[in-house]
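Taken from TrEMBL as is:
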ACT_SITE  A:87  active site, nucleophile
ACT_SITE  A:203  active site
ACT_SITE  A:205  active site
């Protein structure tokens, strides 16, 4: 039986269908979920997609984090269900306190859209296990390139929180080459202590199909470095 | 109906890119005497019932939980509208006495500034 991955659509979600396609490409069954219900439809994992829920009113992700379905997402996360927040979804996870820290406007004040190199710092989470030894492994560290597009992607947290994230290996993705938004310690994505909840600003779902991904040295738009992220959750959930 | 004002500012130690952009625009207008700008939010919240400390305390809790994200922002002030002489319900609040009578903050600090204000008003 295929693993069922729920993708929640909020008013103003943008990349829900891209995330669904990514799930389908790795052999999972994407299940559309609606923000206004308390129904998780029995899914095995949840993705909070990118976009501009509620027009980023109040703070990015703040109003969505209070949606009816988010109370179900929070309790599912506490029982260990894999939950992934991409971009606006990461902002929701921070606002819902499922992940520490916060996301503020980019330090340079403008929206940024680029293919971004990242280092996968932690390959033991529910969403990154398939990166272990995968893609372009350089000296034990896995480096990937996936698109990044945000206006409020600056990760910030108190000095104590940053020290704890670094000390306990909860930094999952780190920006390489350039820091595109002023994030502290070049942090692009983090996880909770259990490793089932992961949030990141860049968009793995936009690098899953040759012809539509970032450029690589092999060919234009051939990058599919986002695929292992979705494959990780499926592998973790399939019975051995 | 009383109105409660909540003011929220980005944490002082954090960069405020919005304020920086405004400060840059002002500098381009030749306003070189303006050294910095920080941009925050003001919420005006209508509440039912009497304007008392209980409702103020209740809104203060909501301010911490929802109106501000204390990871990145501080709640600067929670007060009844009109107490600061600005915004909606100021007239009503002055009429009902729901306002401080302390006007010392309106007074200019130096005789020169006071003269300037008198000149401006006339």
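Using the three backbone atoms N, Cα and C, a Cβ is placed for every residue, glycine included.
Fewest Cβ neighbours within 10 Å among the active-site residues A:87, A:203, A:205: this applies to A:203. According to DSSP, residue A:203 (active site) sits in a coil region rather than a helix or strand. The residue listed as 'active site, nucleophile' carries neither a helix nor a strand DSSP state and counts as coil.
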